[in-house]
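Q: For reference, the structure I am asking about is given below.
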Amino acid sequence: MNIFRFIGDMTHLVSILVLLLKIYATKSCSGISLKTQELYAIVFLTRYLDLFTDFVSVYNTIMKMVFIASSLAIVWYMRVHPVIRRSYDRDLDTFRHYFLVGACLLLALIVNEKFSFEEVFWAFSIYLEAVAILPQLVLLQRSGNVDNLAGQYVFFLGAYRAFYILNWIYRYFTEVHFSRWIACVSGLVQTALYADFFYYYFISWKNNAKLKLPA
């Protein structure tokens, strides 16, 4: 644990709280990709297979449970809730996310740090998280206008990964045997995917204007 990882965790938590606030307060999931939320649910379920077998700390356990529970809750709201599911932008959220799942699973079977059940699924979750935001970014680009809470959700999600890159740099220089290169490379790819969004987010903030993405 270091300050960069802690800030990254808190930023990630804020992104989830912003999304839950949007859904709860507006009774709408408009502008949110169900495909991305399903991918994140898969990410957390496969990454934290050790939840009940390997205890690291109370903080670590609580964060794992929060991420799993919140991701499943968001998917439930968007798929099952009688009011909220009606606002889902099904016609815009058409990204074929199952191709991402298949490609990431195949990559994890080929490129991993150790060929074991938990390590393969850990690598799979890292690869999948790197590209899980793609359906959300495509949906926002198709819709053009981005509402305030949806924009903040994506911004904090991208900021979380940026802080994790700083965490990995810090650990590289302070830990003798730091070797999570899969997470580092995937994190750089994930952050790069946010570059275009960050640019337009900054422009809208600078001009005090509504966030718009080019179609």
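Any Cβ shown, glycine's included, is placed from N, Cα and C.
All TrEMBL annotations are machine predictions without curation.
What TrEMBL shows for this protein is this:
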- 58-77: transmembrane segment (TRANSMEM)
- 98-115: transmembrane segment (TRANSMEM)
- 121-141: transmembrane segment (TRANSMEM)
- 153-173: transmembrane segment (TRANSMEM)
- 179-202: transmembrane segment (TRANSMEM)
Q: Is the transmembrane segment (153-173) in contact with the transmembrane segment (98-115), using at least 3 Cβ pairs under 8 Å (sequence separation of 6 or more) as the test?
A: no
Q: Under an 8 Å Cβ to Cβ limit, what residues of the same chain, 6 or more beyond the ends of the transmembrane segment (58-77), are close to it?
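A: Same-chain contacts beyond the flanks: 1, 9, 12-13, 16, 19-20, 23, 29, 34, 37-38, 40-41, 43-45, 48, 51, 84-85.
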